[in-house]
Amino acid sequence: MARELRALLLWGRRLRPLLRAPALAAVPGGKPILCPRRTTAQLGPRRNPAWSLQAGRLFSTQTAEDKEEPLHSIISSTESVQGSTSKHEFQAETKKLLDIVARSLYSEKEVFIRELISNASDALEKLRHKLVSDGQALPEMEIHLQTNAEKGTITIQDTGIGMTQEELVSNLGTIARSGSKAFLDALQNQAEASSKIIGQFGVGFYSAFMVADRVEVYSRSAAPGSLGYQWLSDGSGVFEIAEASGVRTGTKIIIHLKSDCKEFSSEARVRDVVTKYSNFVSFPLYLNGRRMNTLQAIWMMDPKDVREWQHEEFYRYVAQAHDKPRYTLHYKTDAPLNIRSIFYVPDMKPSMFDVSRELGSSVALYSRKVLIQTKATDILPKWLRFIRGVVDSEDIPLNLSRELLQESALIRKLRDVLQQRLIKFFIDQSKKDAEKYAKFFEDYGLFMREGIVTATEQEVKEDIAKLLRYESSALPSGQLTSLSEYASRMRAGTRNIYYLCAPNRHLAEHSPYYEAMKKKDTEVLFCFEQFDELTLLHLREFDKKKLISVETDIVVDHYKEEKFEDRSPAAECLSEKETEELMAWMRNVLGSRVTNVKVTLRLDTHPAMVTVLEMGAARHFLRMQQLAKTQEERAQLLQPTLEINPRHALIKKLNQLRASEPGLAQLLVDQIYENAMIAAGLVDDPRAMVGRLNELLVKALERH
């Protein structure tokens, strides 16, 4: 038994690295694919188990299997200078401009690695395009990095198109004049080649001088019969060029690091930078002989070719999460802008901290598969910050450092296009699976409310409002409806969408304000969330229909003394004279707490209600500003009107008590007023009336 247990433990140790996520499999075709915690090869029943266990490879952690893989590197010290050296001055406005580019343009020193990898990718793309156009076979097209901590150097070498002596002078000797830019200019009508060229500014190479005491470049053009050359500079405004032997076709850059930048001669540090910025470069990328970019840029693939498990693993990668995406949108378009994107909605419900904290977008921005920003705050509006994913666009206007977006009409257009596409996607999902969408709205609805409140354009507010869901008086409890569906049910000639804010459906249906609306046989939306009222106040209208609170409708529709025209039997209602005398007495008792006391015949089960012009706005103002703490201050701000129901037993009894027991009658008036204020949501803390309630109970018990 002990022997079997030891064998089982040993087997578990061998399995553990393979069960980590995410994994990467080398499929028989040789092309690496992003795969789940165990590869499809490992999970497939027809695969050989021994082969399957060797297929998995992690991209987030170096494993023992990685170390056992044979190293592959083309970097070696074979170059030597031949003959004399010629000195040249930089052609772009002196050393001062070079200092600005090399020392002030970039916010982080580490981006020099990204820039040099991008340049190498461009060189390989140029060679690929040339050979394909000429019908020639493609050689090994690779990018290699090598670190040397002892010498304090980092080297990058590509097998791309290389440069002649003249190109070395023109491309590396002039700020903001790169071969990539010239190549694009020459291929304006060939979109495929143009779209794959990363560097367009010609300043990326000079980022090396942020960290370098000296930069050595060896390059040989892919043109037949080309010689190799060395380019050398310390960034002082002068560079040297000499013929060199032993130079391989392509370009090799050796950076001799400054004393305070030796960190970039560490393999671990460089690996982190490559993983951060250049994980999706199109060509094989090696660091000290080990393959780095084994992930696929699945956002560049055709959506129908990406499988669900690939989305799950890519979501975990970009979101740094362990759950699955609740929704996935793979969006590609070439008009009105070139966009390649994938968006995910996390399955995990956001916490209040996630909702309230001031965070920008969690969408990464790429330009031709090179990371520009890990959190691109300008690509999506702030209310969509719960979205995870990637946006890749060739049309994005970047500044010279390729780190900052240049706010422009194009960026605003991109933001609008993505926002509209996501809204359309959510609307489609709500129709496809209403129950799933209802859960999504329950978890993420606060973000949508924020979008409506913060949007400046009414059109945008109404677009976001299409995502809102509420219960309705016309539907069973728990069933949600949209504003569009409400509008479709409106009777001809109806202009308003009515809503009532309450903590729950029971309170909404027993509200005096809803009671007053039921007689109109009008559908009312029930809004239960704290910020619904503020949201609808900001929205104001939807589809040319005004959004009206039932409380406001009562005030506006009857903003004058209601005529006493009641056909109830005399025994069931106070007379007009009794009502007038009672209202006058109540005005005197309540004093400055009310602006007026008047009669209402819209109530049946409630004795009274308070009406305030724009009650929703007033309620929100009181809640946010925490003003009007006393009754007098509150009344001065709100100017409430108390409307009484002359048919209610409490009002009829009050009329009798005001003559026979004025003390008890005054307590009842105060309580009726407080009850109406509570029903209106205008009392923050009802504990102040506990003493009066106790006194009323004592007086009630004195009669028994």
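Cβ coordinates come from backbone N, Cα and C, glycine included.
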Quick one: which of LYS276, LYS304, LYS466, LYS653 has N6-acetyllysine in Swiss-Prot?
LYS466
Record-annotated N6-acetyllysine (source Swiss-Prot) among candidates LYS95, LYS332, LYS436:
LYS332
From THR374, THR494, THR535, name the one Swiss-Prot lists as phosphothreonine.
THR494
From the candidates LYS96, LYS424, LYS598, the one which Swiss-Prot records as N6-acetyllysine:
LYS424
Tell me which residue from SER194, SER351, SER356 Swiss-Prot records as phosphoserine.
SER194
For which of SER511, SER568 does Swiss-Prot record the feature phosphoserine?
SER568
Can you tell me the CA-to-CA distance separating SER170 (phosphoserine) and PHE205 (ATP binding site), as a whole number of Å?
13
If you count the C-beta atoms lying within 10 Å of each candidate's C-beta, which of the recorded positions ASN119, SER170, ASN171, THR494 ends up with the smallest number?
THR494
Between the modified residues LYS324, LYS332, LYS431, LYS466, where is the Cβ count within 10 Å the lowest?
LYS431
Test of understanding: give the count of other CB atoms lying within 10 angstroms of the CB of ASP158 (ATP binding site).
29
LYS424 (N6-acetyllysine): tally of other CB atoms within 10 A of its CB:
14
Quick check for the class: what is the C-alpha distance, in angstrom and rounded, between LYS424 (N6-acetyllysine) and THR494 (phosphothreonine)?
27
Sequence gap of 6 or more, C-beta under 8 Å: which same-chain residues meet both conditions with respect to LYS262 (N6-acetyllysine)?
ALA149, GLY152
Between the binding-site residues ASN119, ASP158, PHE205, which lies closest to LYS324 (N6-acetyllysine), Cα to Cα?
ASN119
